[in-house]
Amino acid sequence: MLHAAILKLSLTGFRSYPAAQVAVEARAIVLTGPNGAGKTNILEALSFLSPGRGLRRAQLADVGHRPPGAHAPDAEGAPWAVSAFIEGALGEVRLGTGYDPAQEGGQRRCRIDGEAVPSANAFLDHLKVLWLTPEMDGLFLGPPGDRRRYLDRLVLAVDASHGTRVNGLERALRSRNRLLEENGSGRFLDAMEHEVAELAVAVAAARLETVARLSAEIAAHRDEASPFPFAELALDGAVERLIAQHPALEVEDRYRALLRDNRPRDRAAGRTLEGPHLTDLSVSHGEKRLPAARCSTGEQKSLLIGLTLSHARLVGSMQGLSPLLLLDDVVAYLDAERRAGLFEALARLGAQVWMTGADPSAFAALETAARFTVAPGTITRA
Ligand SMILES: Nc1ncnc2c1ncn2[C@@H]1O[C@H](COP(=O)(O)OP(=O)(O)OP(=O)(O)O)[C@@H](O)[C@H]1O
């Protein structure tokens, strides 16, 4: 299998970095430095080499560099850019992305080898970026929306058109809700619900397919010695239930009928009360057969690490190219056995992995890693 890799990364006006450059040739990259030094900022920059708002789900205007002590920035923020020379699915290529409030629209701009592309979706042909951050620790206890977003990122990495589908569904639902509120004509509502149902079934089917593939990937490796528990996954939602119970050809009609029947209820609620926009991803600890939310904090963390590794294997085997992995502050919290298990799993995966931590000694066992020291505004080879 081929392995995607960042060869060179350049940041301009990005978070704590007025300008920074990093050249790497290793499979494992370790960034260490004190709290607040700017380690996560580097991972965030890499996460912008994929669709979406990066691993912090940031507003574009917040990302541009603010010099220390500067007055509060204006709402539009400062321009910023991330550029990476990578070895990807189609060979060596330069991916560039950034934001400039002076440019019309204030959208994120993306380029491949200097040529503008419509969106970061185009990056998926070259590179998949997966991440695990401390903010995801609460995933199993938090609201379903967080798990749905997590699920959709899992799907997006194996099915590049999923983002467009999900956005389309959200737009169509907003239009339906507006029509209901305005007491729009039945004919318009019929047409809108037709669109909602088509997109809803496509979104639910793509999620179910990814969950099935991921479950198969987990099952294929569950007998391997690993310090990370295997996860059992399921989707809980109205359309998923229809897909499980009825022939594929009937599902869209049935969901459309449900929407029609629910009009009075949905109008009163001001939103659509059933559909894949409310689906939940349920995760259980495989050996213990216990919902993840009832596992200990450490077990939940281990489950997430195991899921991330399985997902990375799945993405790699589907694309023939292992993804880039970003592990923010993951290693420090693991005991020695789990740490060794993680390093072994990463070596087997072969993917390029960027890891952060405050304490360099946590990474001592990674003999071939490229090590960098991060301080406010700078990143230097250790
Ligand atoms: N737009 C910005 N301009 C300048 N500095 C910023 C901007 N956004 C965030 N920062 C600074 O970046 C720093 C946080 O960086 P980051 O989260 O990468 O730290 P870290 O090294 O990962 O820390 P920890 O070990 O605590 O996780 C903070 O000091 C914050 O003030």
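Note: Cβ is positioned from N, Cα and C throughout, glycine not excepted.
Given the structure is predicted, the values throughout are model-derived calculations rather than measurements.
These come from TrEMBL:
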- 6-371: domain 'RecF/RecN/SMC N-terminal' (DOMAIN)
- Gly33, Pro34, Asn35, Gly36, Ala37, Gly38, Lys39, Thr40: ATP binding site (BINDING)
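Around the Cβ of Gly38 (ATP binding site), the same chain contributes Arg15, Ser16, Tyr17, Val374, Ala375, Pro376, Gly377, Ile379, each under 8 angstroms and 6 or more positions distant in sequence. Around Pro34 (ATP binding site), the same-chain residues six or more apart in sequence whose CB sits under 8 Å from its CB are Ala358, Ala375, listed in sequence order.
Taking a Cβ distance under 6 Å to any atom of ligand 1 as the criterion, the binding-site residues Pro34, Asn35, Gly36, Ala37 reduce to Asn35, Gly36, Ala37. Other residues of the chain with a Cβ within 8 Å of the Cβ centroid of Gly33, Pro34, Asn35, Gly36, Ala37, Gly38, Lys39, Thr40, the ATP site, are Thr356, Ala358, Val374, Ala375, Pro376. When the neighbouring Cβ atoms lying within 10 Å are counted for each of the binding-site residues (Gly33, Gly36), the highest count belongs to Gly33. Cβ-based crowding with a 10 Å cutoff singles out Thr40 as the top-ranked of the binding-site residues Asn35, Thr40. In this structure, the binding-site residues under consideration are Ala37, Lys39, and the one with the smallest number of other Cβ atoms within 10 Å of its Cβ is Ala37.
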